[in-house]
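Database features (TrEMBL):
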| type | residues | note |
| --- | --- | --- |
| TRANSMEM | 17-37 | transmembrane segment |
| TRANSMEM | 79-100 | transmembrane segment |
| TRANSMEM | 128-152 | transmembrane segment |
| TRANSMEM | 164-184 | transmembrane segment |
| TRANSMEM | 219-239 | transmembrane segment |
| TRANSMEM | 245-264 | transmembrane segment |
Amino acid sequence: MAPLLTSLRQTLGSFRLLWLIYGITLVLGLVVALPFYSTFSVETQHSLAFQELLNGFDYTVFSDFWHRSKPAIRPLISVGRWLGLLYLFLSVFLAGGILLRFAQPNTRFDVGTFWQGCTHYVGRFMRLLGATLLFAVISGSIWLIAGSLVGFGLSDDVTERGQLWIGSIFFGFFALTVTLVFCIGDYAKVILFREDQHSALRAFGLALRLVLRHPGKTYGLYLLLILIGTGLFGLYFLIDSVILMSGWLTILLMFIIQQTLVFARVGLKVWALGTAYHVYGSLPKPEPVLRSQPIVTPVQATATVSDNPESPVE
């Protein structure tokens, strides 16, 4: 638990870093939110009837609005998809600067140094992202296909509740496997950073061996951070069910709560990467597997003619 607490202390002491990442996230969100609000107001002709949806979802109202305003809303949804890809790239881009911050705990946070760390490692981390997503898709698909085959094979022998249990079990295996792959990806980032590696696949292999040798200190802490994030979302939904957004005051209150949750999520991601950094520093480093090379014994060539070039040849 010492690496977890150390990284938490450094995360709480890096408020300028957290505010910077939160500000970037807020700007990206406003890129879609403001045009969507403007388009929504125009399409509804500034009607206040849609405020009734805040107290409960009405599919009929939503369906009528979608069929009438689909041409205006669809481009904004497309922009949201591209923005999601941009956010994914940004999370990879910022990882180098975050790790550099944890490597310099006693120095004052400098934005220029932070950007240098981001740009220096972005190429390696992008290659690692490709490898991580590939392994996540392959390993996750195995469980989904296996669950589908078992479900279809036992569809005549079990009840609907039994099929639900089968699906839940295989989905649990799927979730554990995918989160394990992403945990390995975080430690591979640390290896690329601390060991100055350039091969993403080699770093992923070393991280895989490290995580499998120390699952409690690596994957266990990773799951703990996931549970903390899940608890924050559960707390938000609990507050949302209690506070009814019936006016501008309650809407403003929920907006503040939502942004607090976003800021906490930013801090949680920084905390998770810092935990991987400190856990890696506290564990024995995995040594790469060396391939044995065959020993070649030199063979001395025999002369076919006399060693004396001046001797006559019969």
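Every residue gets a Cβ built from N, Cα and C, even glycine.
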Within-chain partners of the transmembrane segment (164-184) [C-beta distance under 8 Å, separation at least 6 from its ends]: 132, 135-136, 139-140, 142-144, 146-147, 150-151, 154, 158, 204, 207-208, 211, 218-219, 222-223, 226
Top partner of the transmembrane segment (219-239) among 17-37, 79-100, 128-152, 245-264 - counted as Cβ pairs under 8 Å: 245-264
Segment-segment contact (the transmembrane segment (17-37); the transmembrane segment (128-152)) at 3 or more Cβ pairs under 8 Å: no
